[in-house]
Amino acid sequence: MSLLKSNTFISAHDVTDINALADKALHYKANPFIDKQLGENKRIGCLFLNPSMRTRLSTQIAAQNLGMEAIVFNVGSEGWQLEFEEDAIMNGKTVEHIKDAAPIFGKYFDILAIRTFPSLVNKEDDYSELYINQFIKYSGLPVVSLESATLHPLQSLTDVVTIKETYTPFNEGKRPKVVLTWAPHVKPLPQCVANSFAQWMNAWNEVDFVVTHPKDYELDKQFTGNAPIIYDQNEALKDADYVYVKNWSTYNDYGKIYNSDPEWMLTPEKLQLTNNAKVMHCLPVRRNVELSGAVLDGPNSIVTQEAGNRVWAAQAVLSELLQLQ
Amino acid sequence: MSLLKSNTFISAHDVTDINALADKALHYKANPFIDKQLGENKRIGCLFLNPSMRTRLSTQIAAQNLGMEAIVFNVGSEGWQLEFEEDAIMNGKTVEHIKDAAPIFGKYFDILAIRTFPSLVNKEDDYSELYINQFIKYSGLPVVSLESATLHPLQSLTDVVTIKETYTPFNEGKRPKVVLTWAPHVKPLPQCVANSFAQWMNAWNEVDFVVTHPKDYELDKQFTGNAPIIYDQNEALKDADYVYVKNWSTYNDYGKIYNSDPEWMLTPEKLQLTNNAKVMHCLPVRRNVELSGAVLDGPNSIVTQEAGNRVWAAQAVLSELLQLQ
Amino acid sequence: MSLLKSNTFISAHDVTDINALADKALHYKANPFIDKQLGENKRIGCLFLNPSMRTRLSTQIAAQNLGMEAIVFNVGSEGWQLEFEEDAIMNGKTVEHIKDAAPIFGKYFDILAIRTFPSLVNKEDDYSELYINQFIKYSGLPVVSLESATLHPLQSLTDVVTIKETYTPFNEGKRPKVVLTWAPHVKPLPQCVANSFAQWMNAWNEVDFVVTHPKDYELDKQFTGNAPIIYDQNEALKDADYVYVKNWSTYNDYGKIYNSDPEWMLTPEKLQLTNNAKVMHCLPVRRNVELSGAVLDGPNSIVTQEAGNRVWAAQAVLSELLQLQ
């Protein structure tokens, strides 16, 4: 039975059994090439409307491990600007309409993996996932999100995998306390990683999940759900088993920076409050702004292991999509 | 017997039998991986001096279908500016002379696929195909044009394939009426696609070919040949079975825009004049400037099928070149 | 027994037997695909912090010849700017610290090939190889230099291979006279290629090696060693069997251009002074600035053969690294 509800992977809600999908990723970690026949003569197009390092490399590697050809295309720098407005009179800067470009990808590829991005200006467009939904609609292909305007599901599946892999008391029926904490940054960033992590923690439902951030940094309720929101970071960190550090810009008054208080940076002192918590971050991380170098270089950080797991999460998802075909 | 006269593919005149080459493309469409052994341990270098999406992806895929390694190199953004002037004293912006660069490609690749472009300023240089001819001369390799200064042969072979595939009365010995119509655009564009389509329609000689454009947009006679040139678009469209829409800048007074009359945009009303014509375009297309969205979204448009066929046209040509080696 | 002392290849000193490694390269030139099983399910990451053509293509091809997957990543244009300062507070333009990025490459690849570059401003940083050493330290991977701040070992191994391949009197126990000559240029260039060529000629110790350049262009003594430094180019060229032409900026007063005297350009007249010397250059070359077009187009130039040999040098080194794993 498929672990995906359909042939798209853009949110936790596309997964029928998160635990089983994470187990599949760990199975590939132990046996990277076991399904190398599965993708024979299949081709994945990896389209980037925004730069990427880990996501690009891990997806390309996951595809190769499954025997697929992976073709990377940086739409902006290698191609041209796409138009997404339905009835645009295209006499400006956009060179090709998504309605014309996407069906071509449908002819060239078996699976489409795509990174779009939020404007951080037009909340309605961003939160309706205007871009990636048009790729899904017009390409007619299985689509994997490599981060969209509001979510980053391969990152979040990776995070589930990494928590499963490192929290041994799961065997005794215990639930770790997992804290998502806001961190300072120098630029207004998307809410994607935070939204997505919250969505997956809630959907997975194997951890006690808590969110902490400064006032007015509330995330969209559809993702945080019933998770306690605590404005006092120190209180939230108490007894945490995992601290997931991430900056995001404001959601309500959309795309703003209200706070750059360095007190919110995760330091070794703050880690003392936790239950010797493991520290996670999706990377890239601004050292000594979001997280102190001492934490990143210390024994609690599992960010490298986490980033390494990106390959196996992607491989599990691609494998499922290949089996649907 | 080879379907190519030599080991270059830059014009219709390089083909011995256009019908047979188009049939070969359709054969690959039905059996993409049938010749996967042919390109084993062969390598194609795909060099882009200009951005590309369909051409790049379709060539790369065609090569992979034949079992070749395809290496894409964006000369401008990944490398540096090449010099093409014979005795240049290179103390300016150009970093490497074509006479030094091209022979290296000859050492690294088995086939060279290359996209150059016209200046649209120096007609003599452009129409002598200064750039691609130097690649041919100095690389010593089989060379496939991925669009040159004046022609786009893989696009035109694709167009032949697409007409063959969709015009069933060929079986009854009938000839479709094929109209190449100029369309408005916001930028001065090359004449390549129009030149090339005219050249191939004439060389193929299985269709009744007509060209329509505003006065002073005449193309080079060497390509349009004896095709009727009609300045009244409505008259030209009458009873057409295929309408090929494309903008080009002026050829005689070189590289100019004389006309941006929106009346030349292809609309559903204009389609009424035709014999329920199929509509073609090489893409990318400026919606509601060259072609109305209603035409592109309607049942007469075959632009997606056409773009999909780019793979099979490229595969047929690469296959011929591999068999010459 | 390995021809490398460890799992890094960044200098002549990493090689146990230069002759044997060059022979291995020539063996691959005769039998490109003989070791295609060696790299099965192995992956090389080729990271470029600076643009590259020959180095990129030849490394990618060498890897493919050995059956490896090669993934090219242009760090600047496809990713973002890396931070190399140990305790940086990253509130500026750099997006990711090498301490965080490099370990991820360690998770994704089996071998890391990397091109860094010198600042030509901070001599101490450059000559301590700050960048590449941090990739080595933090990635935990076998690392191949694709040119670093001060050296270009794959180029120099290629140069050894090319001299071995073309100098037949080696069989009679003779030693060719090899002259490294400075040439004019329009920009301040790194000393890498010159440093590296000198280092390898000295370490190889099968040639009579001489360096000629204008006063004040002395290279670092650690590389030129006991080679005679001659300020009179004509004197140096006398009876040369090989002339290696290269520009570099000043080393002592770091990164400057003191001289652009066109008299230092290598011309057919100057070649008359030599023993019908073969002419080498790493390319790209500024025609009629560094070398006259007549020399490059003439029978003495072996620059194309030399550039072609880049593949085999890279293949020999990658093969050794694969066998260490």
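Cβ from N, Cα, C; glycine included.
Note: TrEMBL annotation is automatic and uncurated.
Within 10 Å of the C-beta of A:H152 (carbamoyl phosphate binding site) we count 27 further C-beta atoms, all protein chains included. According to DSSP, A:H152 (carbamoyl phosphate binding site) is assigned to coil rather than to any helix or strand. Residues or ranges marked as carbamoyl phosphate binding site by TrEMBL: A:S52, A:M53, A:R54, A:T55, A:W80, A:R115, A:H152, A:P153, A:L154, A:Q155, A:C282, A:L283, A:R310.
According to DSSP, A:H185 (N(2)-succinyl-L-ornithine binding site) sits in a coil region rather than a helix or strand. Just so you know, the Cβ of A:H185 (N(2)-succinyl-L-ornithine binding site) picks up 20 other Cβ atoms within 10 Å once every protein chain is counted. For A:E147, A:H185, A:K246, A:R286, the entry in TrEMBL reads N(2)-succinyl-L-ornithine binding site.
Among the features that TrEMBL reports, domain 'Aspartate/ornithine carbamoyltransferase carbamoyl-P binding' is placed at A:9-165.
Feature annotation from TrEMBL assigns domain 'Aspartate/ornithine carbamoyltransferase Asp/Orn-binding' to A:193-319.
For A:E147 (N(2)-succinyl-L-ornithine binding site), the count of additional Cβ atoms within 10 Å of its Cβ stands at 27 [all protein chains shown]. Across the domain 'Aspartate/ornithine carbamoyltransferase Asp/Orn-binding' (A:193-319), DSSP assigns 49 helix, 19 strand, 59 coil. Around A:C282 (carbamoyl phosphate binding site), taking its Cβ as the centre, 25 other Cβ atoms fall within 10 Å, counting all chains. Contacting chain C by the Cβ rule (under 8 Å between Cβ atoms), the binding-site residues A:R54, A:E147, A:H185, A:K246, A:R286 reduce to A:R54, A:R286.
In the predicted model, residues of the domain 'Aspartate/ornithine carbamoyltransferase carbamoyl-P binding' (A:9-165) average a pLDDT of 95. Spatially close to A:R54 (carbamoyl phosphate binding site) yet at least six residues away along the chain are A:L283, A:A307, A:R310, judged by Cβ distances under 8 angstroms.
For A:H152 (carbamoyl phosphate binding site), the nearest neighbour among the binding-site residues A:H185, A:K246, A:R286, judged by Cα separation, is A:K246.
For chain B, the nearby binding-site residues by a Cβ gap under 8 A, listed in sequence order, are A:W80, drawn from A:W80, A:H152, A:C282, A:R310.
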